[in-house]
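Student: Starting off with a structure, shown below.
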Amino acid sequence: MNLVLMGLPGAGKGTQAAKIIEDYAIPHISTGDMFRAAIKDQTPLGQEAKSYMDKGELVPDEVTIGIVRERLAKEDCANGFLLDGFPRTVKQADALEVLLADLNKQIDHVVHIGVNPEKLVPRLTGRRICPTCGATYHVIYNPPKVEGVCDIDGSALVQREDDQEETVRRRLEVNVAQAQPLIDFYAEKGYLRNLDGDRPINEVYSDVQALLGGQ
């Protein structure tokens, strides 16, 4: 079973991915993990990706796609995979189709977890970090015992600049604009499966299970 998982930041992709890989025994493959592994293994493509990342530049599509190809060719993907964070563009999606055909594979489902962006703002702005130990909290979903204070070491919690409302809203706008052409692409291909993410985690996952069945 070969899956692509799509959704805005904060839509709950990570939570659903964790359940899918446990229940269906397929590897969770994220772009970040692929880059880190290729760099750690010092593969030629990994070293090329690192040269761009060290300069703060975006890794070109051809390098990213090469790393994806290497990862999907590994033995643990023989019975399927869950791609998360790739593809991000129609160009990447086209390239993914080609490389999967080369590997005698094809996408079974593109699972899109749809969430109202306005509902994501409090999720994404509520995160607080301990600058000392790195512990993560959320003012609504995972608050510390004492407001604004780390449970572990008593440090004052901080909000990352990335989590401030103006930045979050801007990031969501960009993500919505980038995602729509990809959603349209997979809808035309017949792969797209839209799930309502504005519900409790277990309700969303029940829909995932109904979709995937005993595959």
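Every residue number used here counts from 1 along the chain in the order it is shown.
Cβ from N, Cα, C; glycine included.
Annotations per Swiss-Prot:
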BINDING   Gly10, Ala11, Gly12, Lys13, Gly14, Thr15, Arg127, Thr136, Tyr137, Arg199  ATP binding site
BINDING   Thr31, Arg36, Glu57, Leu58, Val59, Gly85, Phe86, Pro87, Arg88, Gln92, Arg160, Arg171  AMP binding site
BINDING   Cys130, Cys133, Cys150, Asp153  Zn(2+) binding site
REGION    30-59  region 'NMP'
REGION    126-163  region 'LID'
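I would like each feature placed in context: is it buried or exposed, what are its neighbours, and how far apart are things?
Tutor: Look at Arg127 (ATP binding site): DSSP puts it in a strand.
Counting only same-chain residues six or more apart in sequence, the Cβ atoms lying under 8 angstroms from the Cβ of Arg160 (AMP binding site) belong to Arg127, Ile129.
Around Cys133 (Zn(2+) binding site), the same-chain residues at least 6 positions away in sequence with a Cβ under 8 Å from its Cβ are Cys150, Ile152, Asp153, Ser155.
For the region 'NMP' (30-59), the model's average pLDDT works out to 90.
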Student: If we check Cα distances from Tyr137 (ATP binding site), which of the binding-site residues Thr31, Glu57, Val59, Phe86, Arg88 wins as closest?
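Tutor: Minimum Cα distance from Tyr137 (ATP binding site) across Thr31, Glu57, Val59, Phe86, Arg88 lands on Thr31.
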Student: Return the residues near Arg88 (AMP binding site) by Cβ distance under 8 Å, restricted to its own chain and a separation of at least 6 in sequence.
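Tutor: Sequence-distant Cβ neighbours: Gln178, Leu182.
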Student: Can you tell me the CA-to-CA distance separating Glu57 (AMP binding site) and Gly10 (ATP binding site), as a whole number of Å?
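Tutor: The separation of the Cα atoms works out to 25 Å.
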Student: Which one is it, among the binding-site residues Val59, Phe86, Cys130, that lies nearest to Gly14 (ATP binding site) by Cα separation?
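Tutor: Smallest Cα separation from Gly14 (ATP binding site) among Val59, Phe86, Cys130: Phe86.
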Student: So if I measure Cβ to Cβ from Val59 (AMP binding site) and keep only same-chain residues at least 6 apart in sequence, which ones fall under 8 Å?
Tutor: Phe35, Ala49, Tyr52, Met53
